[in-house]
Amino acid sequence: MNRSPSSSGLLPLPGAPSSSWALYRARLSSLLQSVDTAVFIAFWLFGLINNVLYVIILSAAQDLVGNGIPKGVVLLADVMPSFLTKLVAPYFIHRIPYATRIFIFVTLSSAGMLLIAFTPPSRSVAVKLIGVVLSSISSGGGELSFLGLTHYYGHMSLAAWGSGTGGAGLIGSLLYVMLTDWIGLSVKTSLLASAFLPIIMLVSFFLILPHGPLRASARKTYEPIANRDSFQEESEGAENNFDDIPTSTASSSLLAPGPAVAATAYSSHPTEDARKDSLAAKIQRSKSLFFPYMLPLLLVYIAEYTINQGVSPTLLFPLESSPFAEFRSFYPFYGFLYQVGVFISRSSIAFIRIHHLYLPSLLQVANLVLLTLHALLNFIPSVYIVFVIIFWEGLLGGCVYVNTFAEIMEHVPAEDREFSLGATSVSDSGGICVASFLSMAMEIWLCNWQVDHGRDWCRRIKAG
């Protein structure tokens, strides 16, 4: 069933018949008054910490592998494990309690960053990539878990998560530039400091996030359901048993599910036949998600990460006409500008909604074509114009990401929503996987083209 913006907790799209400044002021006031501060902070920190190491690793890609290896190699190691995790985990991860998942994610991500930091330059790049893989598995499992968790805390938790992921990009890229370029710390020291960031997820889950809905739903045990009538009886009984679920805004408004939904989601293990039926139903639901939600998210990620890892390392200008003292500074600064755009657009979901997801996706493809042509033909006269394009790229990418999941929360039935949110998240990792292969080929091709045509700047880059 379709939901209007006002009924879903979102502000209407500017220019829509239902929009007006009075409605905006009233809706904004309502949103601010209804926000459960603890829920918002917890999900913002989830989004921030789950994604910040991923961003730091990509920002450090040039320093990890040097200029002799395509940066797409780091991107592939940073996203392929995450992609595989999100591809298979939605079908079994619901059997693992959220508290256990948090400990697993923190252990994997911290161990990965420590391995990267302590691997000496004399050792093979492959050893560092193992650490990248560990962090990637943690990030993938964390994303689908926290997106699924937003189902129980409503639209504002999704807005907080989206803003946190955008903040991760901004803070991660800025932090790496600040530590290595501005403060002058070594790459090892910078990466070592970041290894302790995942501890914040433990604080967020166990000390900040209200656990009322989760504790209440966990008390409900599963009983086999014989037919539809008995299912309805169980649902009614579940609602009666869940009267003690807190009625704060986190659990009762902004698309929070009913008690029966929580009982079903947190019930104990079903029979074998029910498992088979559930798996078949989930596969069928995944197919129905592809064209309206998965494909536009896939397209935008293919385009933007091909730009970030395959094209931007070759978007170089003479140092005297740029704000940089060395060529290695272009790449991380492009990443920072991109993340600024992502943060702004992912944080705007409560105020601006985009329902036509394919439009920004196709605009992102146009960005890829434009910047690739410049890398070949060198027709953009100033690096500052490229700065604007990269910032616009970030706006488009963040817009598609957060609006895709907002559309799911509005249009997918409540009983399917938790699975749909997690399953759709495979598209961003899938798109990045495709982009990693494209970018490895494109960076080498574009750099060779530039050298052959008298621009050898890409060969002058020295790793930090």
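Any Cβ shown, glycine's included, is placed from N, Cα and C.
Straight from Swiss-Prot, the features:
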SIGNAL    1-22  signal peptide
TRANSMEM  38-58  transmembrane segment
TRANSMEM  73-93  transmembrane segment
TRANSMEM  102-122  transmembrane segment
TRANSMEM  129-149  transmembrane segment
TRANSMEM  167-187  transmembrane segment
TRANSMEM  190-210  transmembrane segment
TRANSMEM  288-308  transmembrane segment
TRANSMEM  332-352  transmembrane segment
TRANSMEM  354-374  transmembrane segment
TRANSMEM  376-396  transmembrane segment
Message: Quick check: do the transmembrane segment (288-308) and the transmembrane segment (376-396) share at least 3 Cβ pairs under 8 Å, counting only pairs 6+ apart in sequence?
response: yes
Query: Out of 102-122, 129-149, 167-187, 190-210, 332-352, which stretch touches the transmembrane segment (73-93) the most, going by CB pairs under 8 Å?
result: 129-149
Query: With the transmembrane segment (190-210) as the reference, which stretch in 38-58, 102-122, 129-149, 332-352, 376-396 has the largest tally of C-beta pairs below 8 Å?
result: 38-58
Distal contacts, the transmembrane segment (332-352) - CB-CB under 8 A, six or more residues away: 9-11, 13-14, 28, 31, 55, 58-59, 62, 155-156, 158-159, 162-163, 165-167, 169-170, 172-174, 176-177, 180-181, 304, 308, 312, 315, 324, 386-387, 390-399, 401-403, 406
- prompt: Hey, which bits of the same chain come close to the transmembrane segment (129-149), Cβ under 8 Å, at least six residues off its ends?
  reply: 43, 46-47, 50-51, 53-54, 57, 73-74, 77-86, 89-90, 93-94, 98, 101, 104-106, 108-109, 111-116, 119, 157-158, 161, 198, 201, 405, 418-419, 421-423, 425-426, 429
